[in-house]
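Report on the structure given below.
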């Protein structure tokens, strides 16, 4: 559990375009020790936040199909953060949103009228944004967030040999940390974005996870932390959730957990399986996209596998049908939530020729959750085996 939103700290960077555990570090966890206090103050002084946490915006054109995706992205962010959206073309601090197919998919970083520029208007282009998640990505830039792969600590997780200007890491003095590095973040590019072999994860199980456009739990958490979102009364949220600043009567829940306190299952597309000791059982689950009132453009089916107390749950994939193999697994895929922090994205698979396929995943989470996600309406299937053992494991 840690703290990271890549937010601006220097004017010469702020005007550039960008394309597409909930405890925090203490000051001694970051290089410089006591100097971190100074760095954080400097960041807050030079930062480029939307005042009052409100994005004032208007549309430059009228591509209705793209506007619907923009509206869905707005609804998703507003539902998970304290950020407000106000359609007002005359506000002194405003965002001009282009939806024409002639526009790109990019945004200036940070709010207008602050350190990102003296003008009261900046722009965001959405015409080429393929899905809702891509537009959430661009709004995140406007809210002040850099790409995940440019974090100053990225070299602990990525081997980047690209000399591309946009691939360079941001220095410590220009960021402040609000969460863990996440390969599956919506702000991460796929591994071949700068060329084959130019940006590889040290943990190669994450290669196809990079470039996802599913919004993660930590993606929204980091925005909440940067903007100081919170509630005067904290709920007793379960399973790593926290009181939602958009509605203080409920919790923001990690994926797979539902209800006011994150201690419930969803009533539909939810499967409970009980593992047996030492003996593999086989299960096939069908999954496909279904519309929801608030969505990042994907729909997930969840499988909950339980074993005896203090046991190790083991899972291995046996088959994937109608699952599209692509960088970032951006159409559909399978995530077995086996990593130590169950709120962070575990490695995602969508290809039969990758190392994850047929690997035996070992997890101490009881239950261990399998998330089967899709933005395709045609059904896909995943076949897997599961059991529990009593051996000890090291997370990973």
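Any Cβ shown, glycine's included, is placed from N, Cα and C.
The DSSP secondary structure for residue 138 (active site) is helix. Among the features that Swiss-Prot reports, active site is placed at 138.
What Swiss-Prot records for 137, 141, 147 is Zn(2+) binding site, and it gives sequence analysis as the kind of evidence. In the three-state DSSP assignment, the secondary structure recorded for residue 147 (Zn(2+) binding site) is coil.
Annotated disulfide bond per Swiss-Prot: 82-229 (among others), in sequence order. Using a 10 Å Cβ-Cβ cutoff, residue 82 (disulfide bond) registers 20 neighbours.
Positions annotated as disulfide bond by Swiss-Prot, on the basis of sequence analysis: 105-129 (among others).
Around the Cβ of residue 231 (disulfide bond), the number of neighbouring Cβ atoms within 10 Å comes to 15. Residues or ranges marked as disulfide bond in Swiss-Prot (evidence: similarity to another entry): 231-251 (among others).
All chains included, 23 other C-beta atoms sit within 10 angstroms of the C-beta of residue 253 (disulfide bond). Reduced to three states, the DSSP call for residue 253 (disulfide bond) is coil. The disulfide bond annotation in Swiss-Prot covers 253-262 (among others) and rests on similarity to another entry.
Annotation source Swiss-Prot lists domain 'Peptidase M12A' at 44-230. If you take every residue in the domain 'Peptidase M12A' (44-230) and average the pLDDT, you get 89.
The feature N-linked glycosylation site is assigned by Swiss-Prot to 63 (among others). In sequence order, 99, 100, 101, 127 constitute the residues six or more apart from residue 63 (N-linked glycosylation site) in its chain with CB-CB distances below 8 Å.
Mapped onto three states, the DSSP output places residue 79 (N-linked glycosylation site) in helix. For 79 (among others), the entry in Swiss-Prot reads N-linked glycosylation site.
Residue environment of residue 310 (N-linked glycosylation site) contains 10 other Cβ atoms, counted within 10 Å of its Cβ in all protein chains. What Swiss-Prot records for 310 (among others) is N-linked glycosylation site, and it gives sequence analysis as the kind of evidence.
Taken from Swiss-Prot, the feature signal peptide covers 1-20, and the record attributes it to sequence analysis.
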> CA-CA, which of the recorded positions 137, 138, 141, 147 lies nearest residue 105 (disulfide bond)?
Replying inline: 138
> Can you tell me how far the Cα of residue 251 (disulfide bond) sits from the Cα of residue 262 (disulfide bond), in Å?
Replying inline: 7
> For residue 262 (disulfide bond), which of the recorded positions 82, 129, 138, 147 has the nearest Cα in space?
Replying inline: 82
>> Taking 10 A as the limit, how many CB atoms besides its own sit near the CB of residue 79 (N-linked glycosylation site)?
In response: 15
> Which residue, out of the disulfide-bonded residues 129, 251, 262, shows the minimum number of other Cβ atoms inside 10 Å of its Cβ in this structure?
Replying inline: 262
> Going along the chain, which residues six or more apart from residue 229 (disulfide bond) have their CB under 8 A from its CB?
Replying inline: 53, 81, 82, 83, 223, 245
